[in-house]
Amino acid sequence: MAIRYGWIRALLFLLVYLMVWLALSLLPVNFYLLYTIGSLAGVALVFAFTRWLDGRPLSGAGLQWNGYEAQPVIGCCIAISMLGTATLFLVANGQLQWMAAEWTGDSFFLSLGLMIMVAITEELAFRGYVLRNLMLSLPAPAALLVSALLFALFHAGNPNAGWLPLVNIFIAGLLLGINFLYTQNCWFGIGLHFAWNFFQGPVLGFAVSGMEQQSILSPSMGHDQLLTGGAFGLEGSLLATILELVALIVLYIIYQNDNSRPGTGAAAKKIYRI
């Protein structure tokens, strides 16, 4: 049963997606199992809505691989560059030092798998489904803004969330989504989203969106929470705001200089031939 208006499909999807997560949060399971079940349910939900509510094939969810093989690598590199810049700045200003390093194989690979699943699920949900459908009802810039706002609101219930973390998640939604406007493809966002979460949390030891987890490095943070992000993690910092805006502006300039229109894919394909 196809529904004609994209914004209605996006709204229905988000309502069901939210209800699924609320229901799962009541289960007496640990953090890893909760997010594993939630991620699998989220992917299944995207595919079900795409196939039966949109009336499109599953390939329409934004996971086309041919021609986009380099996108996740580029996304990962951007995330690692941002985290590396932030980390060096914090160390140089005495706001970060590591007290210990510990390798636990089981925890590392659990976190690796979890971060891959979370990145795939959230990108398919908020870019592959919500943003795609909003673009059918709204001008592309407006669709991007609305999808980024919804992405931020979805994280409003995270531990230690405040106005600056939510602003940063909104900007992250723009950064993750601007590529999708031109490619209709999720792989860039999946790579960026995964690398940001994985290297920020399980490797460097920051909280990820307010959630602590076991990490290789054990950091000692300074007292300037505007720079460190405090208990929410680096994405709750002013430093993250600046880095995200710089990355967003650079991508926007690249697309504009290529004279591509959202949905054409020309600018993005040119970038990923590098």
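From the backbone N, Cα and C atoms, a Cβ is placed for every residue, glycine too.
Annotation comment: TrEMBL describes 7-26 (among others) as transmembrane segment.
The feature transmembrane segment is assigned by TrEMBL to 32-53 (among others).
As annotated by TrEMBL, transmembrane segment applies to 73-96 (among others). Within the same chain, residues 179, 187-196, 199-200, 204, 219-222, 224, 227-228, 234, 237, 239-240, 243-244, 247, 271-272, 274 sit at least 6 positions outside the transmembrane segment (73-96) and bring their C-beta atoms closer than 8 Å to a C-beta of that stretch.
Under the heading domain 'CAAX prenyl protease 2/Lysostaphin resistance protein A-like', TrEMBL lists 107-199. Mapped onto DSSP helix, strand and coil, the domain 'CAAX prenyl protease 2/Lysostaphin resistance protein A-like' (107-199) counts 78 helix, 0 strand, 15 coil.
The transmembrane segment annotation in TrEMBL covers 108-126 (among others).
Same-chain residues lying 6 or more positions outside the transmembrane segment (138-157) and placing a CB less than 8 Å from one of its CB atoms are 7, 14, 18, 122, 126-127, 130-131, 165-167, 169-174, 176-178, 181, 209, 262-263. According to TrEMBL, the transmembrane segment annotation covers 138-157 (among others).
Under 8 Å from some Cβ of the transmembrane segment (163-182) lie the Cβ atoms of residues 62, 71, 75, 123, 126-128, 131-132, 135, 140, 143-145, 147-153, 155-156, 188-189, 192-193, 196, 209-210, 226, 229, 232, 235-238, 240-241, 244-245, 247-248, 251-252, 255, 260, 262-268, all in the same chain and six or more residues away from its ends. The transmembrane segment feature in TrEMBL is assigned to 163-182 (among others).
If you look up TrEMBL, you'll see 194-211 (among others) marked as transmembrane segment.
The transmembrane segment annotation in TrEMBL covers 231-255 (among others).
Long-range contacts of the transmembrane segment (108-126) within its own chain (CB-CB distance under 8 A, at least 6 residues past either end) are made by residues 13, 17, 32, 35-36, 38-40, 42-43, 45-46, 61-63, 147, 150-151, 154, 173, 176-177, 186, 189-191, 193-194, 197-198, 201-202, 213-214, 216.
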